[in-house]
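> Please read through the structure below; I'll follow up with questions.
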Amino acid sequence: MLNFQKTIGDRCDLAEGCCWCDKTESFFWIDVTRSLLFQYKLYEEELVTFPTPAPPVNTLPSEDPDKLLVTLYDGLYLLDLKQREWVLWTEIDSDPLNRMNDGGVDRNGNIWLGSMQKNIADDGSPLDIGANGNFFSMVNRHTIRNHQTHIGVFNMMVFSPDDKWLYFADSMKSEIYRSPFHAQTSSIGSPEVFSKLGDSYGVPDGAAMDSEGHIWSARWDGSGIARLTHSGELETLYKVNTSRPTNVCFGGRDMKTLLVTTAAYLLEGDERAGEIQLYHSDVAGLPTYRANIPNWSRLQRV
């Protein structure tokens, strides 16, 4: 069961990129088109807002609770939450037509990120795109590997509870893939299609993994969160009260609080679009890994 609790803060335009940090007991998410990052301290019920130096797309917890890893259009950044200071870590995709999108962290603290062709112009209007995206990993804080090219819209990045599988999606193809994950080397095997639901379920956007090994997939234009079986079939569709949920993440001390981000971008007539929603789940989520980060003093201030 999934029970609605409340909404948080004001409505966003294009909320995305949520994560949970157990050390600060906070949810984080971003609003792409308004260049904003949000921190919600769950048990203090306090919402903090940070302007970002470029459009943001994703957030990842790091090994330092005072430093949040944030992917912006142009690369990977660190934010000092106390000092409100940004530093650029590194660019990831050198293609000027592309921008970064979703990602995750593996059990070794290595970072996995996907890119896509820029789909929003500087004035906020939509752009036509092709399958120009890439799928990268950063190993040992500096070695960047490109694992796959010609991705349309890279989204979601989760691991199975036993760390034997890595899952990601291409929203342009409405497909979720899985690749064998080799934990000792932080490398992957060839991907295979894991799940492709019908058009009525929308397309896969962000996702989270629960403790039972089921993926919770936010369905853009599908008005719900799909819980998938171990074989990629639909087990349950949890309806949400807006048509474009964009991402989900589990948090809370028992990992049974589910945060859902949604989008209002270019959407008319949907009064709940753009809300940040909290739910209680009967199933606990799988804790996410924290990223290894470089020495702060050696990075470029923004």
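A Cβ is built for glycine as well, from the same backbone N, Cα and C atoms used for every other residue.
Here TrEMBL flags D205 as active site, proton donor/acceptor. The divalent metal cation binding site annotation in TrEMBL covers E16, N155, D205. If you look up TrEMBL, you'll see R99, N101 marked as substrate binding site. TrEMBL lists 14-263 with the feature domain 'SMP-30/Gluconolactonase/LRE-like region'.
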> List the Cα distance (Å, whole number) between N155 (divalent metal cation binding site) and D205 (active site, proton donor/acceptor).
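Given the Cα positions, N155 (divalent metal cation binding site) is 6 Å from D205 (active site, proton donor/acceptor).
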> Between N101 (substrate binding site) and D205 (active site, proton donor/acceptor), what C-alpha distance do you get in Å?
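Rounded to the nearest whole number, the Cα-Cα distance is 11 Å.
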> Just the number: how many Å between the Cα atoms of R99 (substrate binding site) and E16 (divalent metal cation binding site)?
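About 15 Å separates the two Cα atoms.
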> Determine, to the nearest whole angstrom, how far the Cα atom of E16 (divalent metal cation binding site) is from the Cα atom of D205 (active site, proton donor/acceptor).
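Spelling it out, the Cα of E16 (divalent metal cation binding site) and the Cα of D205 (active site, proton donor/acceptor) are 9 Å apart.
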> Please report the three-state DSSP label of N101 (substrate binding site).
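Reduced to three states, the DSSP call for N101 (substrate binding site) is strand.
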> Mean pLDDT, the domain 'SMP-30/Gluconolactonase/LRE-like region' (14-263)?
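A mean pLDDT of 97 is what the predicted model shows over the domain 'SMP-30/Gluconolactonase/LRE-like region' (14-263).
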> For the recorded divalent metal cation site, whose residues are E16, N155, D205, find every other residue on that chain with a C-beta no more than 8 angstroms from the centre of their C-beta atoms, and list them by sequence position.
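The answer, listed by sequence position, is G17, N101, D102, M156, S171, G206, A218, W220, T246, N247.
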> List the same-chain residues at least 6 positions away in sequence whose Cβ sits under 8 Å from the Cβ of the residue listed as 'active site, proton donor/acceptor', in sequence order, or say none.
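In sequence order, the residues whose Cβ lies under 8 Å from that of the residue listed as 'active site, proton donor/acceptor' (at least 6 apart) are E16, N155, M156, A169, S171, S217, A218, R219, W220, P245, T246, N247.
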> Give the number of CB atoms, excluding that of E16 (divalent metal cation binding site) itself, located within 10 Å of its CB.
24
